[in-house]
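Structure first, then comments.
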């Protein structure tokens with residue numbers, strides 16, 4: 001009888017825990033995805049803060065030339081970063097217990113791998129948590145679908161690209177100037193500016209900013225005015241009313257006259273679908289572009305594609321970009337290569353004899 005009561009008590013504790021996790025009444029929703037999201041994001045954030053402040057220099061290129069990234073080792077907020085895991089580690093799973101000492105783990109950039117893997121798990125669970133809360137509230141799932149765009153982008157630069165290049169040392173550093181360095185080297189090695197998927201991403205981000213500003217300003221400019229207690233609520237907008245707070249007909253009429261009639265949405269659902277889909281699809285394409293360039297399927301190469309009748313090259317902007325790419329390529333990781341990768345990739349001429 002005692003054992004039976006204990007089982008019931010333990011079951012009720014588990015049941016209460018399940019009810020608490022899945023409840024939609026909590027001030028902050030937990031959800032089953034949150035059970036994994038909370039510890040992974042807390043771990044990633046804590047290690048990031050500690051490493052950004054105090055981590056020793058990291059041998060990123062695996063050539064015994066450590067690069068400093070933390071504040072206590074001479075950096076500021078702009079130049080500081082979590083330095084990627086050493087090329088000597090490659091793609092190996094490198095937790096603390098795999099190193100001979102904590103000093104070795106820090107020297108080889110172990111914190112980067114720890115932060116990135118916990119962060120990616122955490123943001124994926126955040127996306128799952130968005131879906132879970134939507135599901136429990138009877139909503140449609142498109143919030144999580146929209147969030148999949150930045151999740152895909154982060155996964156591309158922190159995981160897919162290192163996998164394609166063979167080392168976590170090629171991942172994006174976790175800092176401001178480190179991000180710029182990653183972008184410059186990526187352009188040098190993959191010609192990303194000439195990749196159509198990157199162009200779609202630029203259109204998505206800039207277009208999304210434009211459409212967001214247009215929508216917000218139009219709605220704000222066509223708000224129905226708030227009424228006072230001395231006039232009828234029918235005369236304008238009353239705080240807290242359930243109906244739409246702006247006049248979409250007025251906004252449609254204004255914008256239709258500003259551009260032309262069919263450039264303006266008169267359907268609120270179509271408008272908001274467009275506002276969500278434009279940047280999301282653009283960022284999806286950019287993430288896909290990074291993931292294909294990870295395996296060296298690079299941007300278009302139009303180098304020396306225009307020649308005169310004598311066969312002499314007439315430079316185009318593609319040739320100017322190519323010259324810049326070569327300059328950036330020979331300058332990065334300057335002590336890790338004896339010659340640029342473009343020269344190294346050429347097969348040696350056959351020798352007959």
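Note that Cβ sites are derived from N, Cα and C of the backbone, with glycine treated the same way.
Per Swiss-Prot, the quinone site holds 264, 265; the candidate it also names there, chosen from 198, 215, is 215. Swiss-Prot lists transmembrane segment for one of the ranges 102-117, 118-133, 166-181, namely 118-133. It is 274-288, from the ranges 244-258, 274-288, 289-303, 304-318, that Swiss-Prot records as transmembrane segment.
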